[in-house]
Ligand SMILES: C[S@@+](CC[C@H](N)C(=O)[O-])C[C@H]1O[C@@H](n2cnc3c(N)ncnc32)[C@H](O)[C@@H]1O
């Protein structure tokens, strides 16, 4: 079990993050419980009690939420792509968060081959091409509408743009130096399969970096999260990486500045998880057939209902960053919000 795995925490590392105002927080302080033998990147100066995703109960990842299906996600982004860069990202995924989250990916050489899976409109790719030549970067997404936006971006003109499925990547085994995926895992019906694919396509010593949501602890946020899409718990990410075969698994917490480190509402972009491929070849993890068979006919009424309910739940998470921003404006600086 993931929780027992955390108690014997020699096998992964949690990286100390910075709260927006610069005070350090320690990602090991799950619900105020100290985890023994935790290996840290840096020594903390202060330890704050931060509510995070560890002990709240959620539906298992294998029971997808309304939009955690490829068909529903396709239609979701059919419409969302129109406003994505201007309306969605500013509340959840800012440029400074992106740079913070990509730092553990260690994009240290301009000649690296990088795949950006679920790359969408190319917002994260814009961060990648600061460090790596665009001609070496492939953006893959299942949504042609999102990719159409990426194609319009000047710095991404030389990137390869591919339509495809994160759970079944069209790249050979041992292909890339870096695998990056930001904000896409929440739509994968079988996240373990996507992470297994990340392992397969990387070269020996290559690094995967998955940036994604974290599960809320506040009851109302938990309710809407479970209706909308997958908000994994931190220990689930770590377990998926380790099962896929990754070594040196690390999790870095991220969040918008104006949240002042608050994590109880969950975060659409709440952590950056990295792991290194220790041996060439396929992942040691064997999986059965894909959870979602796209060739199977779907009842259009059920699809529409799921889509509408999922999109309504998503609206709640459009409002949360606005609410947090207002609190940040009202509550005196230096006080918890
Ligand atoms: C929140 S957007 C993130 C886009 C981009 N990575 C960014 O940082 O802005 C999620 C993207 O994942 C894509 N996606 C969802 N499920 C996918 C799948 N199974 N395979 C490939 N892409 C997928 C969606 O089409 C969408 O473009």
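Keep in mind that glycine also has a Cβ here, set from the backbone N, Cα and C atoms.
So that you can see what the record holds, here are the features copied from TrEMBL:
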DOMAIN    65-274  domain 'MPBQ/MBSQ family SAM-binding methyltransferase profile'
REGION    114-123  region 'SAM motif I'
REGION    159-172  region 'SAM motif II'
REGION    200-213  region 'SAM motif III'
TRANSMEM  303-326  transmembrane segment
For this session: Count the residues of the region 'SAM motif I' (114-123) that DSSP assigns to helix (H, G, I), to strand (E, B) and to coil, and report the three numbers in that order.
Result: 1 helix, 4 strand, 5 coil
Problem set entry | Within the region 'SAM motif II' (159-172), residues counted as helix, strand or coil by DSSP | 0 helix, 6 strand, 8 coil
Seminar exercise, completed: For the region 'SAM motif III' (200-213), the DSSP helix/strand/coil residue counts are 2 helix, 12 strand, 0 coil
